Ligand code: PAF
């Protein structure tokens, strides 16, 4: 496995990869959720290229950019074990040599909703760095976790709308045995906060169960809200919504997505689940 830190080194390493290349973009602090992305990439592409970069553009002024976990040595070990071929881990100046880019990708209407409503500018920052990394790594396939479902949806949309020649592959969320979705930010949680964080997955499970029982959208949301409120106190709900699988507005039936975001202490967590609603009669 080769570690490259500059664009020039990346270009040389990329030129040596013959066959299909799958990219896994990360901000480091790798966990079993990232390992699932790496496994999928290993299975579906001839070569795996991992990027590790804590992108300042996607953090708001009061967010956790400074304290975001940076664990490069451990991350490289995870990549090595997973059979990655190349890891690109640039410094900030390497990614943004002219300082903050003046031109950014506009994520459109969806970029201002859900996560975008609570975190203004977040998806401009995400899509801008993802597009730059697409240009630099030129992958055939790109693997993104369903855990960040709105991000996955917008990256797919960007690839389609801007003709980026890449196949975007969504990989299901990895959960702890008690249901907590894996996230690099889970390491901020105290034991009490971790218990409260289970409210998110409990809400989604309750909603999914209600859907399986053939209940309508209103009852599914009510079940989810009920389970959120019945959890260990300490989680403060931001949103709990039911949408179609492309996060388009409007009433849904058939395949749908239930999404939740909440604050636990100073940590903001998100989660989501696919559900299937009975057709409306
Ligand atoms: O999901 C993440 O870790 C980040 O948003 C990404 C896609 C690596 C862009 O910085």
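Placement of Cβ uses the backbone N, Cα and C atoms for every residue, glycine included.
Under the heading ATP binding site, TrEMBL lists 27-34, 145-148, 174, 182-185. Here TrEMBL flags 34 as active site, proton donor. TrEMBL lists 58 with the feature beta-alanine binding site. The (R)-pantoate binding site annotation in TrEMBL covers 58, 151.
A map of TrEMBL features onto the structure.
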residue: 27; record: ATP binding site; DSSP (3 states): coil
residue: 33; record: ATP binding site; DSSP (3 states): helix
residue: 58; record: beta-alanine binding site; DSSP (3 states): helix
residue: 146; record: ATP binding site; DSSP (3 states): helix
residue: 151; record: (R)-pantoate binding site; DSSP (3 states): helix
residue: 174; record: ATP binding site; DSSP (3 states): coil
residue: 184; record: ATP binding site; DSSP (3 states): helix
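Taking the Cα of residue 184 (ATP binding site) as the reference point, the closest of the recorded positions 34, 58, 151 is 34.
If you compare Cα positions, residue 58 (beta-alanine binding site) sits closest to 151 out of the recorded positions 33, 34, 151.
Neighbour count (other Cβ atoms within 10 Å of the Cβ, all protein chains): 21 for residue 58 (beta-alanine binding site).
In this structure, 27 are the binding-site residues from 27, 30, 33 whose C-beta falls under 6 Å of some atom of ligand 1.
Counted over every protein chain shown, other Cβ atoms within 10 Å are most numerous around 151 among the binding-site residues 151, 184. If you take the Cα of residue 27 (ATP binding site) and the Cα of residue 34 (active site, proton donor), they are about 10 angstrom apart, rounded to a whole number. Note: the CA-CA distance between residue 33 (ATP binding site) and residue 151 ((R)-pantoate binding site) rounds to 15 Å.
Nearest Cα neighbour of the residue listed as 'active site, proton donor' among the listed binding-site residues (146, 151, 174): 174. Cβ neighbour count for residue 33 (ATP binding site) (all protein chains, 10 Å cutoff from its Cβ): 22.
Listed in sequence order, 71, 74, 75, 78, 79, 184 are the same-chain residues at least 6 apart in sequence whose CB falls under 8 Å from the CB of residue 30 (ATP binding site). Here the CA atom of residue 151 ((R)-pantoate binding site) lies 16 Å from the CA atom of residue 174 (ATP binding site).
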